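Single-structure report; data block below.
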Amino acid sequence: MNIHEYQAKAILKQNGVNIQEGLTAETADEAVAAAKELQKQTGTGWWVLKAQIHAGGRGKGGGVKLAKSLDEVHQLATEMIGMQLVTHQTGPEGKKVRKILIAQDVYYPGPSEKKEYYMSVLLNRETGKNTIMYSAEGGVDIEEVADKTPELIFKEEIDPGTGVLPFQARKIAFNLGLEGQAFKEMTRFVAALYRAYVAVDASLFEINPVLKTTDDKIMAVDAKVNLDDNALFRHPDLADMRDLNEEDATETEAGKNNLNFVKLDGNVGCMVNGAGLAMATMDIIKLSGGEPANFLDVGGGANAETVEAGLKIILSDPAVKAVLINVFGGIVRCDRVASGVVEAYKNLGNIKVPVIVRLQGTNAEEGKAVIDNSGLKVRSAITLKEAADIVKEVV
Ligand code: GDP
Ligand code: MN
């Protein structure tokens with residue numbers, strides 16, 4: 001699960017990370033009130049307005065703007081709230097901005113140079129440790145840095161048993177070229193960021209940019225978090241941060257029905273029981289010249305309701321040209337699944353695309369008979385090869 005920048009910053013602050021302070025608003029008037037309140041709290045006279053969407057690259061897309069007066073706050077907020085923000089991460093249709101963050105300007109002039117760094121903590125599945133990835137080339141697209149100048153990105157492996165050791169925090173601050181006050185602040189920043197990452201069971205906590213202000217403070221200007229869905233039960237407060245506006249509507253619907261669903265870009269919808277079989281089915285679809293429109297695992301206890309819910313979700317995608325249902329009858333009997341398909345087909349009505357059902361396992365022949373005798377435009381198959389040939393015919 002992903003959360004917004006303002007929510008991630010609240011987590012950082014709780015764990016002792018310095019942040020660019022801010023308040024959220026959903027209207028231009030609220031934005032002005034927030035700006036005044038921030039002025040009281042921080043003394044700032046300039047503010048940045050930041051679109052709260054689940055995507056990066058907002059700066060380049062016009063989702064981060066500096067305001068130098070309250071009038072400007074009002075004007076920029078009016079423009080930003082409700083806009084369809086397009087960044088390199090949103091796709092061409094963009095995302096609607098419903099909320100903005102009014103933050104204190106932290107790029108003010110001062111005695112030393114300001115500088116932007118990159119830092120993230122992420123799970124390293126290969127070593128079973130956490131990795132702190134960091135670079136002095138922050139503020140920009142880190143993928144590009146990784147691509148063109150990988151030597152500018154450093155990695156520090158952190159043993160989850162010990163956490164960040166003091167020498168590791170100092171090594172990071174040193175490699176970033178810091179001295180004096182900024183060096184000290186960076187070591188504290190590293191420890192606090194790692195603490196935040198562990199506290200919320202994140203799989204990624206990314207800060208880009210980490211800013212060294214012109215008076216040598218180190219702070220998080222941006223924040224991106226991926227929370228581990230499997231740990232969400234431990235964090236009801238975080239689960240409440242879910243913003244359904246930012247998630248794929250069909251994936252949300254699937255979640256309600258306990259279906260494992262991931263939307264893809266192809267034209268053949270598939271419904272399968274078991275994740276391994278689902279992967280194999282997607283391969284078969286590709287080999288037949290189609291592209292899977294989704295991954296959908298209905299799980300072990302497939303019944304009429306789950307089949308119907310799954311079919312409905314698949315058919316709601318206008319790109320779908322055919323549906324392949326591939327079920328192995330182990331615990332669940334094939335004739336029961338077949339009845340479920342027939343019932344779902346009748347209930348949904350007006351299905352315009354071919355539906356291919358391949359049943360194998362317990363009562364496979366009986367299941368095929370149920371499909372064949374239903375009088376519906378459902379094609380049945382017993383072997384995967386037969387199913388693949390039908391898919392080839394229809395896509
Ligand atoms: P992203 O583009 O979605 O990654 O959004 P960020 O929060 O990283 O902001 C993008 C850029 O906006 C930063 O790299 C800065 O250059 C700029 N920015 C962010 N905060 C401030 C601020 O307080 N003052 C000024 N002048 N610029 C800022
Ligand atoms: Mn950023």
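Just so you know, glycine gets a Cβ as well, placed from its N, Cα and C.
TrEMBL lists Lys50, Gly57, Arg58, Gly59, Val106, Glu116 with the feature ATP binding site. In the three-state DSSP scheme, Lys50 (ATP binding site) falls into the strand class. Within the same chain, the residues at least 6 positions away from Lys50 (ATP binding site) whose Cβ sits under 8 Å from its Cβ are Glu5, Gly22, Arg58, Gly63, Val64, Ile100, Leu101, Ile102, Ala103, listed in sequence order.
Feature annotation from TrEMBL assigns Mg(2+) binding site to Asn208, Asp222. Its Cβ taken as reference, Asn208 (Mg(2+) binding site) is surrounded by 21 other Cβ atoms within 10 Å in the chains shown.
Among the features that TrEMBL reports, substrate binding site is placed at Asn273, Gly330, Ile331, Val332. Counting every protein chain shown, the number of other Cβ atoms lying within 10 Å of the Cβ of Asn273 (substrate binding site) is 25. In three-state terms derived from DSSP, Asn273 (substrate binding site) belongs to neither a helical nor a strand segment and is classed as coil.
Annotation source TrEMBL lists domain 'ATP-grasp fold succinyl-CoA synthetase-type' at 2-210.
What TrEMBL lists as domain 'ATP-citrate synthase/succinyl-CoA ligase C-terminal' is 271-388.
For Gly330 (substrate binding site), the spatially nearest entry among the binding-site residues Val106, Glu116, Asp222 is Asp222, judged by CA separation. Ranked by CA distance from Gly57 (ATP binding site), the binding-site residues Asn273, Ile331, Val332 have Asn273 at the top as the closest. When the binding-site residues Asn273, Ile331, Val332 are compared by Cα distance to Glu116 (ATP binding site), the shortest distance belongs to Asn273. When other Cβ atoms within 10 Å of the Cβ of Gly330 (substrate binding site) are tallied across all protein chains shown, the result is 13.
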